Every structure is written in structure tokens, then in C-alpha cells.
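Undergrad: Pasting the relevant annotations from TrEMBL:
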TRANSMEM  20-53  transmembrane segment
TRANSMEM  99-121  transmembrane segment
TRANSMEM  133-155  transmembrane segment
TRANSMEM  167-186  transmembrane segment
TRANSMEM  198-217  transmembrane segment
TRANSMEM  252-278  transmembrane segment
TRANSMEM  284-301  transmembrane segment
TRANSMEM  321-339  transmembrane segment
TRANSMEM  351-373  transmembrane segment
TRANSMEM  394-414  transmembrane segment
């Protein structure tokens, strides 16, 4: 049996052992996306456009699929923390069934009407001949991916993050091994161009699905059967959606607002749009450490909430707040010092590195808000406190991330730095709201209402948190200093 996650120096060791495989997974996904874009670039500019458009559509559906995966992850961790293994397995089966039907619907939608979806996304008519068959294959991969996302989330919820990492590595290796020969042609295999990327994605997702079925049986004791494919139990589904719907709604709202600001950046000219793309890519790299730590913390807090140990969950959050803020600050500082000079070596437009430097300077503060937001929101979600943060985040996304960005960037003429100041306000406000909610223990009632908590553990948690309240009520000010 695993040792306690929190309360001793072993806590940091466990957090590290959970988080570093997640970090490697994120790096692998980023690398395979970059490699796919490079292979498309070797074919033609049209192939890049089709690949990029398919990726944008995949991201949209990915947000929908995470309704199930995020909800499944939280309720499974809580049941595991309560040592209710049969309950965790039942919830995992419900997550699998729901994801399977959701993936089937997505595959049918994209596969049946790819031309209409691409027209909505305003793909040029001359690219339709290439894009439609590409999207039909991607639709099949997307349907499998819906199930894989939830199965991976459950595997991590059972704390098998290293196994998850190995499966992601196998999936990405197969993607490359299948795609490269099909894209460029080798021996008797003809060059299929961008279609090779689609077949590689489908083959890799199908293989990892089979491996996940085997891993679930071996490590989780869950042997999937036909009943799991056709039956979606009502009560477990309700528990999953109670967490998943608000959490996914928050992410979808953010995505819609973000796309609106990308359109604003596009109206500022080629240099601004290029800098926007560079900055988002750099942010993705800088944020990987914080995102991995936040994922590990969410798993552990879910276990602690399920066990009724809210005091330990709070102690972990206080400790990892400092780690995340320092990691984000150092990453943002290094990016500001190094990346403009690096981009200057490749860009033929001298305005690009200058503008990028100003954006990365704003990121020094925006990154701190983002670290708070990602870490604390994940902790609140693990505690079952999702509705307030989801609603608040959408309001802030609209008012700060979109309206303020438009006022500063477009209306008052500050350009891309003005838009980024809107991003900064959005991240910092959401992070501050989440932090205040955590510090003031407004999440505790949701955590104590989880089915895993007993009346005795609820009383003990309430008493322990009350003893800590005066000491920690104003810890926000101390952490800010």
C-alpha cells in the first residue's frame, strides 16, 4: 500500500513521483504536435493549413470530451481516498461507457459532415478536396481519443502516472513510425502526403486503446465487457457530470474568449499575429512544470478529500503554492531574457523580437496569476467545489480577457501589448478569486459533502480547519510578500 501523500517529507516525494511522468507526457504531446506540423510543412503549405484546421477542430472536441474525463478523475480519486475500491471501479466503468458514447457521436458528426464543419471554420474552398478525406479518418481517431482521454484520467486517478507516461510514449512512437513512411513513401509504400498523418494518428490511438484495456484489467482490476459499452449507470454518471460539466464549461468559455482575442490580434497585422503565436508557444513550454505539479496536486487532494483528511489537503496546497509561484517566475524570467534574442536569429522582421520582449515582460506577472489559477482551481475541483469557480471564471474571461483586451488593444490603440494586459488581468483575477476561496475555506462544505466522508471525519475536519482559520486567514498577504 502507498504511504500517506501528505503530512510528512514523503509528501513531496509522492508529489514528485506523480508529477514528473505527467510533465513528460505534456512534453511528448507538444513534441509530436510540432513534428506533425513539420511533416505537413514538408508536403505543402496547403497540407499545413489542413493539418492546422483539423487540430483546431480536435481541440474543440477535446474540451467536450474532458467533461467526462475531469469528472471521472475527481470522483475516482475521492473514492480511492476513502478506500472504496469497488466504488472507484464502478465510477471508472461509468466514465468509460459515457466516453464511448460521446466519442461515437463525435465520430459520426465529423465523419458524416466534414465539408460543412470545414466550411463553418472558413477553410478555403480549394483545400476541401484534400481536407474532407483527411477529416473522415481523423473522425475515427477522434472517437477513439474520447475514450482514451477518460481511461488515461482514471489511470492517473489510481496514481499510475508512470504507466500512463509509458503508454503515451508508445502511442507517440507508433504515430511517428506509421506516419513518416506513409507521408513520404518508403520502398513499396507510396507517399500519401497529409493522409499519412491521419492514418498514423488513427493507428496509434487504436493501439493505445487496446493497451489501456489490458492495463485497466491488470493494474486496476477492471475487466471491461460488452455491458460496459452499452450500459451507462445513472448515479455514477450524475456524480461524474456534477464535476465535469462546470469544469468543461469553464474551459470552453475560456476557449471561445481566447479565439475572439486571436481574431483581434489578426487585425493588428502579420508581425502581431506572429508574436502572438510565438508567445503562446513559449507559454506552453514555461507552464509545463506548473501544469504537471497542478495535476499531481489535484490527484492527491482528491484522495485526501475522499479520506476526509481536509487539513492535509490544505497543507499540501499551501506548500505547493510556493513551489508553483517560484517555478513560474523563474520560467517567465528566463523566457523574457532569452527568447527574444533566439527569435531574432530566425525572424527577418526586426519588429518581431522587440514586440515579443514586451509581451514576455507582461508575462512576468501574468505567469504568477496563471500559476495560482491552474493550481488552486485544480485543488477546488478535486474538493468538489466547481460551480462557483466555473461561473466566476466565465465572467472574468468575458470582462477582462475579452472586453478589457479589446479596449486596451484595439480601442485605445496599445496593440498586442494591450491585448496581453487583458490576458494578465484575466489570469490574475481568476487566480486571486480561486486563492481567496481556498484560503477562506469556502471549499470545505463541498469537500465534506462527498459521499466518501463520514460524519465523524466531517466533524474532525471541521474542528481541525477551525483551529487553523485565524492563523491562515491572512496568509495571502504573507505569500504575496
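Residue positions begin at 1 at the first shown residue.
Backbone N, Cα and C define each Cβ position, glycine as well.
Bear in mind that the values here come from a model prediction, so they are computed numbers and not experimental data.
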Undergrad: The transmembrane segment (198-217): which same-chain residues, six or more beyond its ends, come within Cβ distance under 8 Å?
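TA: Same-chain contacts beyond the flanks: 92, 134, 137-138, 140-141, 144-145, 147-148, 151-152, 154-155, 160, 163, 167-168, 170-172, 174-180, 182-183, 192, 223-224.
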Undergrad: Within this structure, do the transmembrane segment (252-278) and the transmembrane segment (394-414) have 3 or more Cβ pairs under 8 angstroms, counting pairs 6 or more apart in sequence?
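TA: Touching, yes - the transmembrane segment (394-414) and the transmembrane segment (252-278) meet the threshold of 3 or more Cβ pairs under 8 Å.
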Undergrad: Which of 99-121, 167-186, 284-301, 321-339, 351-373 shares the most C-beta pairs under 8 angstroms with the transmembrane segment (133-155)?
TA: 99-121
Undergrad: Same-chain Cβ contacts of the transmembrane segment (284-301) under 8 Å, 6 or more residues past its ends?
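TA: Counting only partners 6 or more residues beyond its ends, the transmembrane segment (284-301) has Cβ contacts under 8 Å with 5-6, 11, 14-16, 18-20, 22-23, 26-27, 30, 73-74, 77, 156-157, 159, 161, 313, 316-317, 320, 323-324, 327-328, 331-332, 335, 363, 367, 370-371, 374-375, 378-379, 381-383.
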